[in-house]
Amino acid sequence: MDKINIRNFAIIAHIDHGKSTLADRLIEECNGLEKREMKDQVLDSMDIERERGITIKAQTVRLMYTAKDGKVYYLNLMDTPGHVDFSYEVSRSLAACEGSLLVVDSTQGVEAQTLANVYKAIDSNHEIIPVLNKIDLASSDPDKVKSQIEEIIGIDASESLLVSAKSGIGIKDVLEAIVSRLPAPSGNFDNPLKAILVDTWYDTYLGIVILLRVVDGVIKKGMKIVMMSSNAAYQVDNIGIFTPHKKIVDQLSVGEIGFITASIKELSDCKIGDTITEEQRRCDNPMPGFRTIHPVVFCSIFPNEAGDFERLREALKKLQLNDASFTFDIEVSSALGYGFRCGFLGMLHLEVIQERLEREFNLDLTATAPGVVYQIISKNGILREVHNPHDFGDVQDIASIKEPWICATIMVPDQYLGVVMSLCNNKRGEKVDLSYSGNTALLKYRLPLSEVVFDFYDRIKSISKGYASLDWEMDGYMDSEIAKLTILINSEPVDALACIVHKSKVEQRGREICLRLKDLIPRQQYKIAIQAAVGSKIIARETISPYRKDVTAKLYGGDVTRRMKLLEKQKKGKKRLRAIGNVNVPHNAFIQALKIID
């Protein structure tokens, strides 16, 4: 295939601006699927993507398009996620392409994630074509959005394409712009094979499947290939492309995107961003690869049935292959048994992984409250990274604690600016910058990550009636006043209920948790004391009263000492029961007790 006729492009946008719908129309226009096979969000293969109306995994498809000049072009389309938690998927997709369609909702205008994604495309040296979607709606304002693109993003929007992905208006113009305005891939067919590993997933029959982009040379069936980071060698069994159906081909050459299978069983051999080359004729230098992504939110996941531990381990391994951005390690809890401490890119990422575990692997799970990574510096100068309250250590040995901060970009209509700034200030935020484009404010704030990851996104959407948008990136660590809050039930610490809290909120948090546990734990035959403590200091307490049996009911008249004797006997029995009895805490109590209330 002549690389001059290949175009590799990604579709990038803020969440809900119509990326997946535009992808559907492009596939339809190029006859990628027959009419009877077409459905909404055709590239969103997971049920959870369809139900939530979001893209989670970047997807690829090859289309054939006969342009007005009579030439046949091969278009490799990458549909990318729009939510901030999945921005890593966007970065990987952009590395495989030369150009991007920047889709902007012409009724909403530029939003925070639009900015973040377009800057990633600019960093990847992409040619960018602005596409203004939803022009058939009465509230559409293309001229205003064009000026926003030029003012806020700084790219020329005079040749923006006006489309309605839902009704199909302007789709041919998009295809013509792709072939005329986006560059063909560079690279040399005669050079040794050099391909970048873009994604991996697990297939029950084929083992590990690799999605790759060929940069130089050619990859053929039967060829011996090498993963340059691990030096692992495999023989290629199958080569294919997505149309969007899987289609087996003989080879992939310069500029092409497709998948290979090679009976790979070792997960560690397939690192996202690795360079693949031919064993007999290796390329000189590997590709720079992708930036290593680190989880920022951690929580523990436990199977409700002890016998499901191994099934959970296998499920996590398979999901990690398809999503290298989340991590897991074994954890043992005295309250919940054996489970895993898992790391995620954000709260939506956590919810999606937990939901996939329960749906795809039929597991019944309990997840503890999420937390972030703190840096603890001991008095002898040793730095430890801690995301689990159990690893906090002795307070006496700690010199200082640092917590992660982020830089948030918030775009909000000016009538909601006051309430949004008030929320940021309540979350210990520091204002960095405020600018305007028309009646839209562009707000930059520095905030502690622990205040943002839980419900900040939902709160921003709620107080702005859905009009505000948020994007954020890590901005280093800062010294902070942090304390470990321990919850005791009948003087016994419960590890699953421990959490790390800022000292300004520790008393309020302790009282909240104790009050919730009082409602959640069923009454027993003896008194239950629920306490919140920081170190050895008790800062909050609630008591669950026992059931009371009237042991004196059978008495009538007689000596008062008989009555006292029976009550004393009951008291001794309850004391003995409390000493040997375990308080049964329901599974859902752990999550409900740790939920944040403002």
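Cβ coordinates come from backbone N, Cα and C, glycine included.
The GTP binding site annotation in Swiss-Prot covers Asp16, His17, Gly18, Lys19, Ser20, Thr21, Asn133, Lys134, Ile135, Asp136, and the record cites sequence analysis as its basis. Secondary structure at Asn133 (GTP binding site), as computed by DSSP, is strand. In sequence order, His17, Gly18, Thr21, Leu22, Val103, Val104, Asp105, Ser106, Val163, Ser164, Ala165 are the residues of the chain that are 6 or more apart from Asn133 (GTP binding site) and have a CB within less than 8 Å of its CB.
Here Swiss-Prot flags 4-186 as domain 'tr-type G'. Mean pLDDT for the domain 'tr-type G' (4-186) in this predicted model: 79.
Counted within 10 Å of its Cβ, the other Cβ atoms near Ser20 (GTP binding site) come to 27, all protein chains included. Residue pairs drawn from Asp16, His17, Gly18, Lys19, Ser20, Thr21, Asn133, Lys134, Ile135, Asp136, the listed GTP binders, are separated by up to 18 Å at the Cα level. Take the binding-site residues Asp16, Gly18, Ile135: by the count of other Cβ atoms within 10 Å of each Cβ, the lowest one is Asp16.
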